[in-house]
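K.L.:
Shown below is the structure under consideration.
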Amino acid sequence: MIVVQQINRVSLFTKLLQRTLLHTNRFFSNCTMVRYLDQDEAINIDVELFNEYRYSVDQLMELAGLSCATAIAKCYPLSNIGNKSILVCCGPGNNGGDGLVCARHLKLFGYQPVVFYPVRTDNKLYHNLTQQCCNMAVPFLQMLPEQSTVECSFALIVDALFGFSFKPPVREAFVDCVALMKNVAVPVASIDIPSGWHVEKGEPEEGGIRPELLISLTAPKKCALHFQGKYHYLGGRFVPPALEQKYQLNLPKYPGTECCVLISNDK
C-alpha cells in the first residue's frame, strides 16, 4: 500500500513538473525572444507600414482594434462579466481610434461597452468611428463616472488614451481619467502602452496605472518589460515578413487564424 502511494505521488509530481516545464517553455519561447521596441523604432516601423507597404491608417486601426477586443474576450469571457458594462476611455490620437474600433467589436461580441471620449478631433476617420459606435447603440459619456459608480457598474476599463508617441506629462484633460484607472478596484486593459507610462522606462516614479491586461500592438514596446499584470497579449497580425526580418522582431507565432497571441501570463 505504501509503495502504491509513493508511486502515485511520484506520478503526480511528474505531471506537475511536466506542466510547469511546458508553461515555462511557452513563456520563454514567446517572451524572451521577442524584440521590445524603443519609441523611435516603433515610430519608424509605423512609417514604413504606411509608406513602403501602403497600409492606410484605418486599415491598421481596424485590425488593431479587433485584436484588442479579441484579447479582452479571451481574458474576460461574457459568462464572467454578467450584466456589467465595459468602460472604454479613448484619447484623441491613434490609440483612441483603436479604442473606438475595440468598443464596436466588443458590442458585436455581445458585451456592453460605454465610451468616454473627452477630447475629440476634426479628422474624418474619427468622426466615422464615432458614428459607427453610435449607430450600434454604444453610449458615449459626457463626464467621467465617479470611482464608486465604476466599481459598481463596470467589469473592466479599457485604457486607450495614449500610444507609443506619448511624452510626459499627462495633459490636464486626462489627469482625472488616469487617476481613476490608477486607483479603481476594477481591472484595467491597456492598449499598447499603459497611459502615463514612459514608452521605454515604464511606470512613472510617482506610480501609475497597473493594468491586469496589456495588449501590445505590432510588437511590444520596452515599457512592457516592466509589466506585472496577469495577461500580456500581442495583437495586430499585419506585419509583413520582410519588415519583421528587417527589424529582427522575432514575433511569436499566431495560432491558426487568431488575430492575437498570448505572450505571457501569471496563471
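Note that Cβ sites are derived from N, Cα and C of the backbone, with glycine treated the same way.
Copying in the features that TrEMBL gives for the protein in this structure:
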| type | residues | note |
| --- | --- | --- |
| BINDING | N94, N95, G96, G97, D98, G163, F164, S165, F166, K167, P168, P169, D192 | (6S)-NADPHX binding site |
| BINDING | N95, D159, S195 | K(+) binding site |
| DOMAIN | 42-251 | domain 'YjeF N-terminal' |
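Looking at the shown structure, what environment does each listed feature sit in?
P.N.:
Other C-beta atoms found within 10 angstroms of the C-beta of D98 ((6S)-NADPHX binding site) number 32, with every protein chain shown included.
Secondary structure at N95 (K(+) binding site), taken from DSSP and collapsed to helix, strand or coil, is helix. Long-range neighbours of N95 (K(+) binding site) (same chain, six or more residues apart, CB within less than 8 Å of its CB): A160, L161, F162, G163, I191, D192, I193.
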K.L.:
With (6S)-NADPHX as the bound species and N94, N95, G96, G97, D98, G163, F164, S165, F166, K167, P168, P169, D192 as its recorded binding residues, calculate the greatest Cα-Cα distance and give it in Å as a whole number.
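P.N.:
Max span of the (6S)-NADPHX binding residues, Cα based, is 22 Å.
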K.L.:
Per residue, counting other C-beta atoms within 10 angstroms of the C-beta, which of the binding-site residues F164, F166 reaches the highest number?
P.N.:
F164
K.L.:
Which of the listed binding-site residues (G96, P168) has the least company, meaning the fewest other Cβ atoms within 10 Å of its Cβ?
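P.N.:
Minimum Cβ neighbour count within 10 Å, taken over the binding-site residues G96, P168, occurs at P168.
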K.L.:
Enumerate same-chain residues with a sequence separation of six or more from S195 (K(+) binding site) and a Cβ-Cβ distance below 8 A; give 'none' if the list is empty.
P.N.:
G91, D159, L161, F162, F166, V170, F174, C177, V178, M181, I209
K.L.:
On the 0 to 100 pLDDT scale, where does the domain 'YjeF N-terminal' (42-251) sit on average?
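P.N.:
Across the residues of the domain 'YjeF N-terminal' (42-251) the model's pLDDT averages 96 on the 0 to 100 scale.
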